[in-house]
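Per TrEMBL, the features are as follows:
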- 326-335: compositional bias 'Acidic residues' (COMPBIAS)
- 170-256: domain 'DUF6534' (DOMAIN)
- 310-335: region 'Disordered' (REGION)
- 15-40: transmembrane segment (TRANSMEM)
- 52-73: transmembrane segment (TRANSMEM)
- 93-116: transmembrane segment (TRANSMEM)
- 123-145: transmembrane segment (TRANSMEM)
- 165-185: transmembrane segment (TRANSMEM)
- 205-225: transmembrane segment (TRANSMEM)
């Protein structure tokens, strides 16, 4: 009598988790595409370096999404009802680690360069963070190289230390970047309401962008440590690169949004001043002694409005501008 077919194991916590990771990754990839298109449409005057960075990150995201989709397709579709294949390591699922690492180092380098400029080119701050980021990329490449020599998922336990190192260095780098950016921005406060409002928004934005990738890496680290035989950690790792790319695109695309929000804030203040001035002008017409003071108030309002119209774009396009540096020192288009 022929041997019974091998039973199909429960896939909920293994390939089910991987499937969820691919679906979430595809959704975030759609957001990346939308943000990339929005960036090229809204900021045609940015430098070629910034445009190349955005294009490269989008291309890496595209390849990564293709790799994880292909690997899942081979497991669940091409080898449907083939339980023995489910224990084998697909090469695509290992190569994708390299593309995640490249996306991470590019986006982290963008924020490290921002730290370098905000800190007045302080190498004592930027070099340690850069070294941790490079260590993260090196560990990812080592993981992929060693993983390609393995045949089975069970053998991944041999390089579990590299998996832990990847997520640890990722979380450490992103937390350090967010922490230093917040400190530098807070130090740049001028005491003027408009500048300080800009800085507050940038601080919140810096924390949020660093928080997403850090939490994702920490979740992956937690699950690979607690449940190494499950693929829940893979679900989080699949989306790490997508969070990096969206944090970059979100940062670049937020410049005009912040500028418009500040303009609306200034317009509301201006409206209040105008109405208040009109009421005072009526009273002044009844009292000749206040006419000269009224004329002086209007002159000050006009001069202030002209100054705001002249400089508000540079403040928002370049976070360093709010710290009081000369506009010629760092131009808005540089990165």
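Just so it is clear, glycine is given a Cβ too, placed from its N, Cα and C backbone atoms.
Ranked by the number of CB pairs under 8 Å to the transmembrane segment (123-145), the listed stretches 15-40, 93-116, 165-185, 205-225 are led by 93-116.
Within its own chain, the transmembrane segment (15-40) has Cβ neighbours under 8 Å at 51, 54-55, 58, 61-62, 64-65, 68-69, 72, 75-76, 86, 230-232, 234-239, 242-243, 245-246, 249-250, 252-253, counting only residues six or more beyond its boundaries. Nonlocal intrachain contacts for the transmembrane segment (205-225), taken as residues 6+ away from its ends with a CB within less than 8 angstroms of a stretch CB, comprise 104, 111, 160, 163-164, 167-168, 170-171, 174-175, 177-179, 181-182, 185, 232-233, 236-237, 239-240, 243-244, 247, 250-251, 254. Shown for the domain 'DUF6534' (170-256): DSSP residue counts in helix, strand and coil, namely 76 helix, 0 strand, 11 coil.
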